[in-house]
Every structure is written in structure tokens, then in C-alpha cells.
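Engineer: My questions will all concern the structure given below.
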Amino acid sequence: MQVSRPIRNILLIELFVPILLLTLGIYHGLMQVIYRSGVIQRTSVAGLDYYQGLTLHGVINAIVLTTFFAVAFGHATMIFYTKREPNKTATLVSMLLMVIGTGLAAAAILAGKASVLYTFYPPLKAHPAFYIGTAMLIVGSWIPYFDWVRMYLSWKREHPQESTPVAVIGTLVNFTIWFVCTLAVAYEVLVMLVPWSLGWTQEINIMLARTLFWFFGHALVYFWLLPSYIMFYTMLPKLAGGKLYSGNAGRIAFFIFLILSIPIGVHHQFGDPSIGRGVKLTQSILTFGVAIPSFITAFTIAASLEYAARKRGATGLWSWIWKLPFFRKDVYLFGYLINGLILFIFGGLTGLVNASYSLNNVVHNTSFIPGHFHLTVGGPVFLAILGMSIYMLSQLTGKRIYAPVLNTIVPYLWTVGVLIFSAGLMYGGLIGEPRRTNMGLTYLNPSSEQFNPYWVVSSMLGLAGGGIMFTAGLLYFISFFGTCFRRRSAEPVIDLPVSETLHEERRVPLLDSFKPWLAIMGLIIFLTYAPAISDAINNTNRKAPPYKPTDPVPVVRQ
Amino acid sequence: MLDKFERNVIITALTVSALFIFSIFYALGAKRQDVSECLPYNKTYETARVEQIDAKTYQIYYVARMWNFEPAISYIPVGSEVDLFVTSLDVVHGFNVFDKNVNLMAVPGGVAKTTVKFTEPGVYKIVCHEFCGTGHQNMEAEIIVNYPRK
């Protein structure tokens with residue numbers, strides 16, 4: 001369908017800005033594997049410090065890219081399925097807040113004033129511009145949510161008897177999770193960190209800050225993931241040439257995400273003091289609950305793909321797999337999504353390891369963790385974002401894709417890289433290799449007293465995989481920016497692939513209403529987080545003044 | 001509402017999750033696998049020291065600060081059960097004992113505690129695994145288990 005020019009331009013900016021920054025994010029990804037493997041035994045290269053690069057890599061790839069994309073893709077699905085346009089002013093204000101906020105945070109990091117990594121754990125202090133910029137990015141991404149609720153309600157009034165499309169449910173569920181979980185981090189940033197980093201308040205409670213961060217920090221991963229899930233349910237079966245096995249399974253999966261995404265963040269804090277074991281155990285169990293929608297998705301999508309392959313004439317128990325359109329340039333989106341799904345099988349299983357109450361002791365904060373989340377964020381999330389970004393770019397500009405062969409092989413090359421990289425990191429993690437450490441300076445520097453030969457092989461695997469991932473990234477950039485500079489050859493549109501469901505489905509009122517699910521969500525969050533926050537406040541004895549990463553003496557007010 | 005296969009899929013998903021949850025409780029009971037304890041804080045945790053409780057029981061009080069752990073080296077006899085207490089005086093640090101399934105966070109104002117048994121002699125390296133500033137990669141300590149030699 002056609003979109004008005006202002007909305008089209010805003011969407012294009014929301015796709016272009018993060019991909020442009022991603023060049024910086026991916027460069028620092030490559031630099032890290034080089035530092036960590038001991039090839040470079042220095043603190044900085046080209047004026048950029050290792051920890052500064054780590055901050056850039058995390059913030060750009062995991063927050064900026066994902067948030068911008070979720071907003072742009074949310075606009076596209078809501079426009080396409082409700083046949084309505086978002087409010088122009090609201091969309092413009094949201095885009096400006098996000099771009100300016102990102103600029104502020106990026107400037108602070110590039111100036112070397114905010115090397116606090118993407119978790120910004122106090123009492124390490126960043127420049128206030130970093131916190132304010134991040135807050136603006138988040139607030140900017142809230143605005144479309146309210147606009148979409150308006151669009152949904154008006155659609156609902158016109159179609160009272162119709163089931164809400166799965167994509168609309170997915171988008172609204174996703175931004176509801178996002179809005180609720182970011183309230184905690186907004187409180188942490190605006191009430192605790194900004195006044196403290198400006199020197200207006202002296203000290204803050206570190207455990208409270210960590211607990212609020214993880215209230216947001218784990219739900220954040222579902223905020224990244226759900227756009228991919230929307231694509232798996234609503235597009236992948238169609239791209240494969242078949243139908244979605246069950247639309248209701250999709251609705252159930254999204255609503256389970258809605259109620260269970262947030263009250264599980266404490267599983268990141270198993271090693272933390274001050275929070276009771278009961279809270280940790282409860283949230284660990286709830287984390288297993290949130291694996292259920294992923295199991296349901298795995299089965300439903302596999303069934304849909306098998307149906308598609310059999311429709312194309314495939315037979316046999318397993319050989320149907322080869323009938324799927326793997327290397328076809330015209331359905332390149334299939335390659336991006338199927339590779340993401342394959343990576344997510346391993347990503348989900350390793351995630352269950354991290355979430356396991358006591359098993360987590362083995363892997364917490366070791367390189368197992370980045371090994372795991374490159375299989376999730378670097379797998380289904382990243383590949384879906386790349387594939388859909390270039391797809392939307394091509395449609396919204398009416399330009400054909402530049403170097404379509406490169407674009408088709410990117411997801412396969414990336415997947416090979418990620419599998420080697422993550423295998424190396426996870427193996428390293430099991431033998432104690434720490435994450436977030438410039439190991440080239442010490443543990444992997446043969447001339448250092450701290451040289452540790454255990455981690456040579458694992459970090460070399462990381463280097464090999466990281467190099468392949470970097471190459472895949474480069475090929476993507478050629479294709480993406482090449483497309484930007486082509487001549488327009490068609491009318492600009494938004495046209496998403498739509499999978500029909502295999503069976504005629506009756507409308508199930510419970511799966512077409514947000515109210516009961518929102519009530520359950522609120523209740524579970526309260527029951528799990530009230531004791532966690534109360535523990536963090538009451539069992540923490542001393543507060544902390546701000547510290548600069550370069551200095552063991554606290555920053556005092558002049 | 002749901003056809004036979006969809007229902008089976010949901011039942012399978014629930015069963016697999018139930019199996020995982022059962023495993024947690026099994027490990028808690030039979031294997032005594034537990035996470036960091038929640039202890040009330042007081043000033044005594046801010047003094048680094050090794051204390052011997054009896055012939056086979058030790059307590060080590062670790063204090064982390066930019067960029068070292070104290071005590072940097074502790075000597076423990078083979079076969080001892082050791083309580084580890086970890087706190088921090090400045091920023092958040094990590095505390096990972098190589099090969100020992102001990103993985104704690106050192107947070108100002110809180111004290112993380114776990115218990116570990118050393119049955120094999122050796123040098124157990126401890127590294128900081130939470131970014132704590134520019135000297136982070138230098139931060140480590142050792143527990144030497146061979147003392148007195150048998």
C-alpha cells in the first residue's frame with residue numbers, strides 16, 4: 001500500500017541512521033576479538049580504547065539499532081495491517097528525540113567520557129550526556145506506542161467481529177513490554193543517575209540501581225526478539241511457499257511473552273548479595289516459563305515449513321528440508337529468517353543454562369554469556385533486522401537491491417561466523433575465560449606475569465568467527481548503501497508478505513483481548529519484584545559515590 | 001479451538017519446562033547447589049582476612065577495590081571447606097574462582113557468600129569479571145591449596 005511522503009521519509013531515516021552507526025558498531029566488534037585473542041597487546045588503537053569500543057559496540061548494536069528498528073518495523077506493520085497512518089507530528093517528534101538522544105550518547109562515548117559499557121553499572125560514572133541521550137532515545141520510542149494503540153482501537157471499532165492480526169498483537173505486546181520495563185530504567189536514569197552524575201546528589205544505592213536495571217535489562221531482550229517472532233509467524237511460511245500452521249499458537253506465544261518477559265530479571269543477579277534466595281529461585285522458574293512460547297514457536301514454524309515443502313512436492317521424513325527456497329535471490333528474506341531460527345535453537349538452549357538457578361554459577365560473567373547472546377541478539381534478532389531493513393529500504397524508496405547475490409549470501413556467511421565465534425566463546429567460558437576484559441594486555445600476553453594458556457584456543461576461535469562475521473557485515477553494507485544510491489524504478493510502497501493460516505480459525509475472545517493478560521502481567525510483576533526491590537533497599541548497607549573508570553579515588557563535588 | 005497437533009505441541013512444551021524445573025529442585029536437594037546467600041551487612045566484612053574455624057573449616061573475607069583483591073594469596077590445606085565472603089569498597093567487581101563453580105559479584109554495601117570444598121591441591125586463580133575501570137584486566141588473586149603439604 002501507499003504511504004504519505006512525510007511518514008515514508010521518517011521511516012527511511014529510522015532505517016538509515018542505525019545502519020550507518022552499525023558500521024562503527026561492527027568495526028568495534030572486530031577490534032574486540034583482535035584485542036581479546038592477544039593479537040593486539042595495547043589499551044587502544046587509533047585513539048579508541050578497548051572499553052570505549054566495547055561500550056560503542058554494545059550501545060549501538062544492542063540498543064540503538066534494535067530500538068530504531070523496532071519502531072520503524074512497528075510503524076510498517078501497524079500501517080499495513082490497520083490501513084491507517086500514524087500521526088505525523090508524533091512520529092516526527094519521536095524520530096527527532098531518538099536521533100538527538102543517540103547523537104548525545106554517541107558523542108559522550110566517542111569523547112571517551114562514557115566508557116561504562118552498555119549496562120552502565122554505577123558507581124562507575126559517565127558524562128550526563130550519555131544518560132540523558134539514552135533516556136531521550138527511550139522516551140522517543142514510547143511515543144509511537146500510544147499512537148498505535150489509538151490506531152488499533154479505531155481499527156477494532158470498524159471490525160468488531162474480526163480476529164486481530166497476529167502482527168498487530170505482536171507489535172502491541174512488544175511495545176507494552178517495552179513501555180513497562182523501561183519505566184524502571186527511566187527511574188534509575190532520571191531520578192538516580194543523572195542528579196548523581198551532575199553532582200547534585202552524593203551517593204546512590206548500588207543494589208537498587210542494579211535491580212532496576214535488570215527489571216529492564218532482561219525484558220529488553222524480548223523487545224529485540226519479538227519483531228523477529230512477528231516475521232517468523234506472519235512472513236516466513238509465506239516466503240517458504242506455504243501457510244502458517246496455527247495463528248492461535250502465535251497469539252498464545254505473544255501473550256505468554258507479555259505476562260512473563262519482565263518478572264524474571266533477577267536471574268541476572270544470582271551472584272549478587274542483598275537479594276534473597278527465594279526471589280532468585282522464583283524468578284529462575286518463571287524464566288523457564290518464558291521458554292514455553294519459544295518451544296511453541298519452534299514447533300509451529302517447523303510444521304509450517306514442512307507443509308510448504310510438501311506442497312512443493314517433497315517427500316520423506318527429513319528430505320523435505322531441501323525443498324525450501326534457501327538460495328533464491330527473490331526471496332532473500334527467507335535466508336535471513338531461516339538462519340536466524342537455526343541460530344536461535346542454540347541461543348535458546350544456552351539461555352536456559354544461564355537462567356538455571358545454580359548452573360548459572362558456572363557461566364555467569366564468563367565469555368559463555370557473550371557466546372550465548374550472539375546466538376540470540378546476533379542471530380535471529382540481528383538477521384531479521386538486517387533482512388527487513390534492506391527489504392523496507394527497497395520498498396520505501398522504490399529502488400531495486402544493489403548486488404542481490406551478496407545480499408542473499410550475507411545471512412549464511414554470518415551464521416557460519418557466529419557458530420564458530422560463539423562455540424569458541426562458550427568453550428572459553430566453561431574454562432573460566434572472563435567477559436568484558438582486555439585479555440590481550442594480560443591473560444593472553446605471553447610477556448605478562450598473568451599469562452594464562454588455557455584461553456588461547458577459545459579466543460582464537462572467537463577471532464576466526466569474528467572475522468567471518470565482520471566480512472558478512474561488510475557485504476551487507478555494500479548491498480544496503482548501494483541500494484540507497486540507485487535510481488528509483490518503482491512506486492514507493494509498504495507491502496509485507498502475509499501468511500494465511502492453514503485452518504479456518506474461529507475468533508477466540510481470550511486470545512483477542514489485552515485486558516486479562518495485562519492484569520496478570522501487573523500481578524506477577526508486583527509479586528516478584530516487590531520483594532526483590534525491598535531486599536535491595538533494606539539489605540544494602542552503604543551507598544556509593546561516583547567513580548571515574550580511570551581513577552580509584554571517588555569523584556567529589558568541587 | 002486448537003487442533004490435535006497444536007495441543008500436543010503445547011503439552012510437550014509444558015512437559016519439557018516442568019522437567020527443567022524439576023532438575024533445579026533436584027540439584028538443590030541432592031547436589032546442594034545453591035546461589036549466593038543474603039546476609040545482613042556490617043563493617044567487619046570490610047576487613048580482609050583468612051580465619052581458621054577448626055582443622056578443616058576456613059573463612060576467607062575478600063575485599064575488592066580498584067584494582068586488586070585482598071587477601072591476594074591465601075593458603076588452605078587440602079580437603080578444607082571454605083566459606084568465601086566477598087564485598088567491595090568502591091565499584092562493582094566480579095569474583096570467579098577457576099575450576100570451582102564459584103561466581104559472585106562484589107557490590108559496595110552488600111556481602112556475597114558461598115561455601116566451597118577444596119579436595120585437590122593446586123593454585124586456584126581468581127579473576128575479576130565485571131568491568132571495574134582501566135585496570136580491570138590486572139585484577140586477580142590466588143588460593144593455594146597444599147598447605148600443609150601432605
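Note: Cβ is positioned from N, Cα and C throughout, glycine not excepted.
So TrEMBL says this about it:
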TRANSMEM  A:12-35  transmembrane segment
DOMAIN    A:13-557  domain 'Cytochrome oxidase subunit I profile'
TRANSMEM  A:55-81  transmembrane segment
TRANSMEM  A:93-116  transmembrane segment
TRANSMEM  A:128-146  transmembrane segment
TRANSMEM  A:166-193  transmembrane segment
TRANSMEM  A:248-266  transmembrane segment
TRANSMEM  A:286-309  transmembrane segment
TRANSMEM  A:330-353  transmembrane segment
TRANSMEM  A:373-393  transmembrane segment
TRANSMEM  A:405-430  transmembrane segment
TRANSMEM  A:454-478  transmembrane segment
TRANSMEM  A:516-533  transmembrane segment
Engineer: Are there three or more C-beta pairs under 8 angstroms joining the transmembrane segment (A:248-266) and the transmembrane segment (A:516-533), sequence spacing 6 or more?
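Structural biologist: Output yes: the transmembrane segment (A:516-533) sits against the transmembrane segment (A:248-266).
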Engineer: For the domain 'Cytochrome oxidase subunit I profile' (A:13-557), what is the mean per-residue pLDDT, to the nearest integer?
Structural biologist: 93
Engineer: Among A:12-35, A:166-193, A:373-393, A:454-478, point out the range having the most Cβ pairs under 8 angstroms from the transmembrane segment (A:248-266).
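Structural biologist: That would be A:166-193.
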